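Quick look at what TrEMBL lists:
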BINDING   58-62, 122-128, Asp151, Ala251, Gly305, His350, Asp419  (6S)-NADPHX binding site
BINDING   Asn59, Asp118, Ser154  K(+) binding site
BINDING   Lys387, Gly388, Ser389, Thr390, Thr391, Gly418  AMP binding site
DOMAIN    10-208  domain 'YjeF N-terminal'
DOMAIN    216-476  domain 'YjeF C-terminal'
Amino acid sequence: MRTAHRVEKVRTAEAELMARLPDGALMQRAAAGLAAACADLLPRVYGSRVVLLVGSGANGGDALWAGARLARRGAGVHAVLLAPDRVHTAGLAALTGAGGRVADDPFDVLATADLVLDGITGIGGTGGLRPDAVPVARAARGSDAVVVAVDLPSGVEADSGEVRGEALRADLTVTFGTHKPALLIDPARTCAGTVRLVDIGIGPYLPSVPEVEALHHADVARLLPRPTAGSDKYRRGVVGIAAGSARYPGAAVLAVAGALRGGAGAVRYVGPAADAVIARFPETLVHAGPPAKAGRVQAWVVGPGLGEDADAVRDVLASDVPVLVDADGLRLLDPDAVRARSAPTLLTPHAGEAAALLGRARTEVEAARLASVRALADRFGATVLLKGSTTLVADPGTGVPVRADAMGTPWLATAGSGDVLSGLAGSLLASGPAARDAASAAAHLHGLAGRLAAARGVPITAQEIADALPAAWRGVRDPG
Ligand SMILES: NC(=O)C1=CN([C@@H]2O[C@H](COP(=O)(O)OP(=O)(O)OC[C@H]3O[C@@H](n4cnc5c(N)ncnc54)[C@H](O)[C@@H]3O)[C@@H](O)[C@H]2O)[C@@H](O)CC1
Ligand SMILES: [K+]
């Protein structure tokens, strides 16, 4: 699992460790890891042209010290000083001592660079790139050089993943000690490129509960149900799907398609699309409704393609089993009914639905995804899965890390994809895990299924995502 900590926690941990080490030792560890990562990217260090973008803080210091290491190995290193009067003096002395130079014209050296090190700002940066840094960052991106961000791509907000203004776009980010939330959450994440973590020894001083975590295949595999010899279909869990309408029967079929590949022992469909569901999936148990009379279920999914059936939403929310609310269900739900529930509730909005639930603009939600998912979870007292290029899953309150999942692919943005996800997540929910675990496992499997279905870059349908779910289960359980 990758874990990310807030700046305040990183600074506290660094201070505790620094108090036990000689002056500057931590920066040397960072610079050594950074220089090694740069050397890995260059065909050869000797003779390569390296440009350092150097801001006013220790982030610039890291870049200068790493530049000095590369210069000692024969690289031609130029430093672009964005705040010459506040430069890290020891770092600059090390660079010039190793043969590096201060650039006269940033654009000249950037035009011929092989590698650019972005040390403008790290965890101390806020408010996006300053106006004088914008053309330099653009020239770096527009050059043929590989761009390596030091700790964070400059211009992102470390704690929230927001980008207030413009940020540098890196190919690789070398981060120190722990990930920062911005490296796991969009829009900042997309500026970071590949992320490499360098251990500088602060791990033991960081809190055990991170701010954000991202599950690997093995973490997800541990969350997936596995039937035992004593299992029957009821013990494995029955998931009820209240979805579809005369106008949108396909949503019911796709939610059932996801649910059938989610590990529940049986799928019970309730609603007006029973004929379409049975025609496609004869193994489904069907019922015309209402949900309360449908028979035993261990979790409900309500909402995909539901149209205006507010009664179904009310009925399902009144049950005492875990409930997932999606799509039309999110529009029709009574917030008080959600808050009053004693069994777990999982809401699965995309940014537009989240915006409507919060009474904000969609662009605000997209710009501040971490804050939005937390606000929704708190407002509804429910687990919330916020869809997007990275999926976020939050529980209400503080003290529980938000889960971020970037397994998906833009090809997943296709009609019906969300219906498959809600069926899948509901099916997992019926087998007993916490809503947060069911949601994050579902997001990961759904993302991987999308990747597998879209392999070699072909457009995919929602049905193909569902069809790829068994391969995604295998991929997660046996990645080799
Ligand atoms: N504390 C430590 O011991 C270590 C720190 N390390 C490095 O130090 C960094 C943090 O250093 P600092 O706290 O000095 O902070 P930064 O170097 O990230 O930036 C802070 C400076 O940038 C200015 N600034 C803020 N926003 C800006 C913006 N948008 N554009 C331009 N300038 C802006 C501030 O006025 C401040 O002077 C980490 O990200 C990491 O790279 C590493 O060397 C590891 C050890
Ligand atoms: K940086």
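Glycine is no exception: its Cβ is also placed from the backbone N, Cα and C atoms.
Feature map: TrEMBL annotations on the structure.
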{"residue": "Ala58", "record": "(6S)-NADPHX binding site", "Cβ neighbours (10 Å)": "22"}
{"residue": "Asp118", "record": "K(+) binding site", "Cβ neighbours (10 Å)": "33"}
{"residue": "Ile123", "record": "(6S)-NADPHX binding site", "Cβ neighbours (10 Å)": "23"}
{"residue": "Thr126", "record": "(6S)-NADPHX binding site", "Cβ neighbours (10 Å)": "14"}
{"residue": "Asp151", "record": "(6S)-NADPHX binding site", "Cβ neighbours (10 Å)": "28"}
{"residue": "Ser154", "record": "K(+) binding site", "Cβ neighbours (10 Å)": "28"}
{"residue": "Lys387", "record": "AMP binding site", "Cβ neighbours (10 Å)": "23"}
{"residue": "Gly388", "record": "AMP binding site", "Cβ neighbours (10 Å)": "20"}
{"residue": "Thr390", "record": "AMP binding site", "Cβ neighbours (10 Å)": "23"}
{"residue": "Gly418", "record": "AMP binding site", "Cβ neighbours (10 Å)": "26"}
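Checked against ligand 2, the binding-site residues Asn59, Gly61, Asp118, Thr126, Ser154 give Asn59, Asp118, Ser154 as the ones with a Cβ under 6 Å from it, listed in sequence order. Proximity of the binding-site residues (Ala58, Asp151, His350, Lys387) to ligand 1: a Cβ under 6 Å from the molecule is found for Ala58, Asp151.
The K(+) site is set by Asn59, Asp118, Ser154; from the centre of their CB atoms, other residues of the chain with a CB within 8 Å are Leu53, Gly55, Gly60, Ala63, Gly119, Ile120, Thr121, Gly122, Gly125, Ala149, Val150, Asp151, Leu152, Pro153, Leu168.
The binding-site residues considered are Asn59, Ser389, Thr391; of these, Ser389 has the fewest other C-beta atoms within 10 angstroms of its C-beta.
Using a 10 Å Cβ-Cβ cutoff, His350 ((6S)-NADPHX binding site) registers 20 neighbours. The binding-site residues near Asn59 (K(+) binding site), taking a 10 angstroms Cα-Cα threshold over the set Thr126, Gly388, Ser389, Gly418, amount to none. Cβ atoms within 8 Å of the centroid of the Cβ atoms of Lys387, Gly388, Ser389, Thr390, Thr391, Gly418 (the AMP site) belong to the same-chain residues His350, Leu386, Leu392, Gly408, Ala443, site residues excluded.
Note: the Cα of Ser154 (K(+) binding site) and the Cα of Ile123 ((6S)-NADPHX binding site) are spaced 9 Å from each other. Closest by Cα distance to Lys387 (AMP binding site), from the binding-site residues Ala58, Asp118, His350, is His350. Here the C-alpha separation of Ile123 ((6S)-NADPHX binding site) and Gly388 (AMP binding site) works out to 25 Å. Across the fold, the C-alpha of Thr126 ((6S)-NADPHX binding site) and the C-alpha of Gly418 (AMP binding site) stand 35 Å from each other. Looking only at the domain 'YjeF N-terminal' (10-208), the predicted model's pLDDT averages out at 98. DSSP assigns Ala58 ((6S)-NADPHX binding site) to a helical segment in the three-state reduction. The closest partner of Asp151 ((6S)-NADPHX binding site) among the binding-site residues, by CA position, is Asp118; the full candidate set was Asp118, Ser389, Thr391, Gly418. Here the CA atom of Gly61 ((6S)-NADPHX binding site) lies 34 Å from the CA atom of Thr391 (AMP binding site).
A coil conformation is recorded for Thr126 ((6S)-NADPHX binding site) in the three-state DSSP classification, outside any helix or strand.
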